[in-house]
């Protein structure tokens, strides 16, 4: 009887222990569930503005569907306002207007809260393992110092397979095209821009929204994937040859062989790096491209600040025309998926900026790289996309644009509208809204994407590198001049056919050697514009030789001079002159001065 009771008591104690454990878990689990808090990035003390609340996102699969909505508009100054960096957070009560490609504002409020649907698929990208901005800046600084991209070991690179835009899905491509077409500004009087850097107040400045690079930031429902759509702030592609815009300056700086020099007089020159015809200082060009007020530097800063808001999100990039080229350069720098539309060929600036390049590739030919994750959509009737908008009669030239680059990195997805639709090459087909309505929506299928093969930029040019930041060229020239002098007697006693045959004194010419060393700080089209010359002249006198001609001939002196015989002058008088010439007098003989021989008489 006692044994069953003892066993029952033991099991009762065990049940009590299990119950106690379950009660403890029940008390802990609610606290774990309620521990979810919105994550704040960057402290209030570190920045002058209140950061937005960005909740943590769950990991998602590489393939799926995303619904993106506009979350922020970021303005990064470049030319006139290099310190400007402002952000507009989109709220339910935000009022926006649409800006057309011609720069005309729509008076009606824009509808921007409609979600953009896109799908993702796995994409493999070869990129740096350490992609922190500070590390990237070190690589770029080393490239500027060395004159080319630094060589990194294979251990510093990795091939990652991540979620990227589905470039085989027409709806996804349309979504990205519409994102690049959107350009919004706040309704006047409702502005709510925040200064990110907290240094300057541009609320009373005029025109700051027309300076620099603008990014529209879209995020999906979980904030796990964001899309940065980059665009230049000059809405109209061509605003006349007499108007200077930031886009024109950056276009000619990044996509010209030498900053708009060496071509049409209509091109706007944005640096002075040309030495002579088809010869330029590459160091000078690279320094101009890396100025802090240029679009590439602005894109790095813009990307860095956006990723601080979404540190764990997957970032996709897109853009149209110049914005597409900047998105591609940014994607090559950080190893991000990129989808562009009618982008300017960007392999030339990618090589000059010294972007990190994986082992086995030539840094001077980034168009040969594989696994970049970049896809460039465009059609054959667009001269900007095809790299042919640089002829004498092209609209680009007449607009002041020197767009000489022809090669894209990554893969090109080309609609052959010239062959399929009979289109003529024209700049009007470059507009993104025309591309959406007349190309992407009209074609049933997307084009096949393939890398560009055997493409080279600026083949006629020769580039050299200079030491240091100052543009200096030094040349040394040696000039030899000969001066011939001759001394003649004052009276010519023996005239000849081609001059006097009298005694003459001839002096061998002295030889003068002049060495000129010039330093040129500003090379011009056909030479140096500000030479400072130092001339050293050395003159060597030759010995003087005197010769006497005694027996002159037709072409010079033949032998020593023989004694001369002087004759007395003959005298004649004419008493009966002729009518026209001659004398009718009887000739008067003149005795010879030489004594005649004696007459011999025979005895």
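The backbone N, Cα and C atoms fix where each Cβ goes, and this holds for glycine too.
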Look up transmembrane segment in Swiss-Prot and report which of 21-41, 42-62 it refers to.
21-41
C-alpha of residue 305 (N-linked glycosylation site) to C-alpha of residue 281 (N-linked glycosylation site): distance in Å?
34
Can you tell me which of the glycosylation sites 166, 223, 281 is spatially closest to residue 321 (active site, charge relay system)? Compare CA atoms only.
166
Other CB atoms, at most 10 A from the CB of residue 281 (N-linked glycosylation site):
22
Among the recorded positions 166, 321, which residue has its Cβ surrounded by the fewest other Cβ atoms within 10 Å?
166
Cα-Cα distance linking residue 281 (N-linked glycosylation site) and residue 166 (N-linked glycosylation site), given in Å to the nearest integer:
42
Measure the Cβ-based neighbour count of residue 305 (N-linked glycosylation site), defined as the other Cβ atoms within 10 Å of its Cβ.
18
Measuring Cα to Cα, tell me the gap between residue 281 (N-linked glycosylation site) and residue 223 (N-linked glycosylation site) in whole angstrom.
46
